[in-house]
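Quick look at what TrEMBL lists:
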SIGNAL    1-19  signal peptide
DOMAIN    33-98  domain 'Single'
Amino acid sequence: MKTLIAAFFSFLLLGAMHCDKPDATTGRITDHCHYKGHAIQNGEFKSLQVPCVQVSCTSGKVKVLHCLPRQLLAKDKRCFKHPGEAAPYPSCCPTFACV
């Protein structure tokens, strides 16, 4: 009987040590996120070129950083838009030069 009780508590302890946060939509346990075909591990980020964004994964939730909006500069006739580099975020973001 003592062996059975010890095995039961060992099982509970192992289950508690391996517990991850369940996905809110499916109830499944997740240790990563998905964004447009890219897998990002929980607590990490990935800088992408296409689309030009940085994606992070926190507790199974995706956060996406886009290039800063430059609408005011784009409307100014003295400013010229230069495309970003062929590189991951933020180098792929367009820049503006104003004269």
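Every residue gets a Cβ built from N, Cα and C, even glycine.
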Per DSSP, what is the helix/strand/coil residue tally across the domain 'Single' (33-98)? 5 helix, 30 strand, 31 coil
State the mean pLDDT for the domain 'Single' (33-98). 92
